[in-house]
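Enquirer: So TrEMBL says this about it:
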type: DOMAIN; residues: 57-318; note: domain 'MHD'
type: DOMAIN; residues: 80-160; note: domain 'Cadherin'
type: DOMAIN; residues: 161-269; note: domain 'Cadherin'
type: DOMAIN; residues: 270-384; note: domain 'Cadherin'
type: DOMAIN; residues: 385-489; note: domain 'Cadherin'
type: DOMAIN; residues: 489-595; note: domain 'Cadherin'
type: SIGNAL; residues: 1-22; note: signal peptide
type: TRANSMEM; residues: 595-626; note: transmembrane segment
Amino acid sequence: MTVQQVLLLLLLWMWLPHPCHAEMLFRRTPDLRPKSFGGRALGNDGKAIHRQKRGWMWNQFFLLEEYTGSDYQYVGKLHSDQDKGDGSLKYILSGDGAGTLFIIDEKTGDIHATRRIDREEKAFYTLRAQAINRRTLRPVEPESEFVIKIHDINDNEPTFPEEIYTASVPEMSVVGTSVVQVTATDADDPSYGNSARIIYSILQGQPYFSVEPETGIIRTALPNMNRENREQYQVVIQAKDMGGQMGGLSGTTTVNITLTDVNDNPPRFPQSTIHLRIPESSPVGTAIGSVKATDADTGKNAEVEYRIIDGDGTDMFDIVTQKDTQEGIITVRKPLDYETRRLYTLKVEAENTHVDPRFYYLGPFKDTTIVKISVEDVDEPPVFSRSSYLFEVHEDIELGTIIGTVMARDPDSASSPIRFSLDRHTDLDRIFNIHSGNGSIYTSKPLDREISQWHNLSVIAAEINNPKDTTRVPVYVRILDVNDNAPQFAVFYDTFVCENARAGQLIQTISAVDKDDPLGGQKFFFSLAAVNPNFTVQDNEGKIHVCSNEISTYLLPVVISDNDYPIQSSTGTLTIRVCACDSRGNMQSCSAEALLLPAGLSTGALVAILLCIIILLVIVVLFAALKRQRKKEPLILSKEDIRDNIVSYNDEGGGEEDTQAFDIGTLRNPAAIEDKKLRRDIIPETLFVPRRTPSAPDNTDVRDFINQRLKEHDTDPSAPPYDSLATYAYEGNDSIAESLSSLESGTTEGDQNYDYLREWGPRFNKLAEMYGGGESDKDTS
């Protein structure tokens, strides 16, 4: 507590009635007054009711809170008129805080507070007092209740519920627009003095904002505050009690105020003219560039819509508004051509989409700029005169005939010469070719409409100076029909005639087909190749009539002609069999020759059957030869390549008594010679005369021995005709250095010196200990 506050409390204490002089008097008031002074009243029964005066009276005590003295704070004094001052009476105190917070002197009746009291914790205390005789302990006065009320002092400053407030107000608001209300509370007694009367004032934030002293409402104090100039404000509000007078306690809080955006700024292009460039080869939809108008507002207040309102390129270009970046993207609407036009001018407008009517006076909320687009020249590929070509040609034209010409030009100003070529993937048979200089397409092979009626070609045009830039065009070649195919029988006819058929009877109707396709449709004429007395044919209808049937089988040649130019004809032979029929004309039996004819096989079928028989015979011969050859092969288990393999015999000898087994001693002892035994891995066809191999002399070098055995093996006719592994388990005579083994070195161990083992390093320490230790033991013994 500051010195000023202590002085203030002292002044208040001096002006207020001092509670230390408050007394509670217990008086005995005998009824000695005249009866005329007594209170009298009539009850319901008409009897007089006498009002008796109380034997003692009490007063209310007042106590100042926050006592700072070192002694107990004096509250008041209880006194009874029965008290003679001889100490015969005893005062007793009970109730709130009796004995702890409040104590009483039993003899004098003085009441004291034992500690500081805070009114904000409890505003008053209710106690009961009684005076009794000390010796008899009987009450001399009835128990009475009194109140100790705590007087408030200004010991609590106003406080705000939050240290920092956040508020917002639209920019450009009129003066006096309410922003936010802040409220402080004071724990002091609002009904006593001005300790809890709060007045608000602004310490920081002027001249932009003001605060109402009584309510704490913060309002705008300046007109047309612009968010674009300043967006954040910090206002400090003070709440002071004692009605804001000097000596009052105060508390502060901070209010952060943000100006929210309104659409009070129109969009503006940073440049009055914008230059863009684009190659003429850019396809439709290509983005050329972007334009952007800046808007000082934010959010939806800054949203802009772009449009092309004027210019000479309104039909060549479009503009699209990009919502996320607020840019206008200019795109190609139609194909560009540098040689046709090189510069376009557009007038682009940007306008706000959300306009606030309150700020129309700040408008217009739109702006325009000029966009100049320059078309850049590129080396364009050649351009054909048509998007596709269709040529028609007859199939009987001569080789090298030109069927049509394609034309292309260089659209660039340089006008480079063009080279033409055919895509061979579209002409795999190389039926056509093209002149590389003038684009004339001609035939290089004969045409046949019956094989292919259409040919779909692809012609490539490229600049000679820049062959990488190419253009393709489809060329459709339609082959026109020429009457170059003779008609033929449509099907194979199996015709028979009854032996008792009458003359002029219809026995068969024939039809024909023609690969050609004349414009007037197909029409055929039938005639006999020679005059036949037995049959006739009806022209145009192909009907065969019988005249007579004397033999069993007839071969009738029929000439088939078409009606196109030039007329084509062919001769087909019709086989007619004479058969026995019943009365209804149904075939019952034919002659032997006639029966064999349909049952016989064609020449192709006979050839096929003969080939199958030959193939079967060849397979049988090969199988027999392979089987015979397999008997001569060694017993090798591996089914892979038989060269460079180890021969496995998989047999077990009969031990020492088996004299047919290999005698390995022969190899180990060159001196032992035995007749060469026959091979056991193959079945020999002939028995070769066994021959002896010269024995190797003593001390023969192993190399010489092996070379000798190898030579014998190579010249042996009974050896297998492939590479095999031959084992020569040969061990020569004893070495001059004798045995290197240590098994028989016990007799000479004493002559050896193993001290050098210790010099070979730690790896040989164990050997050095074994042999070195043995020596030392031997020496010591």
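Including glycine, each Cβ sits where the backbone N, Cα and C put it.
So that I understand the layout, could you describe where these features sit and how close they are to other parts?
Expert: DSSP assignment over the domain 'Cadherin' (80-160) gives 0 helix, 36 strand, 45 coil.
Per-residue confidence over the domain 'Cadherin' (270-384) averages out at a pLDDT of 92.
Broken down with DSSP, the domain 'Cadherin' (489-595) shows 4 helix, 52 strand, 51 coil.
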Enquirer: What counts of helix, strand and coil residues does DSSP assign across the domain 'Cadherin' (161-269)?
Expert: 3 helix, 46 strand, 60 coil
Enquirer: With DSSP as the yardstick, break the domain 'Cadherin' (270-384) down into helix, strand and coil residue counts.
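Expert: Split by secondary structure, the domain 'Cadherin' (270-384) comes out as 10 helix, 56 strand, 49 coil.
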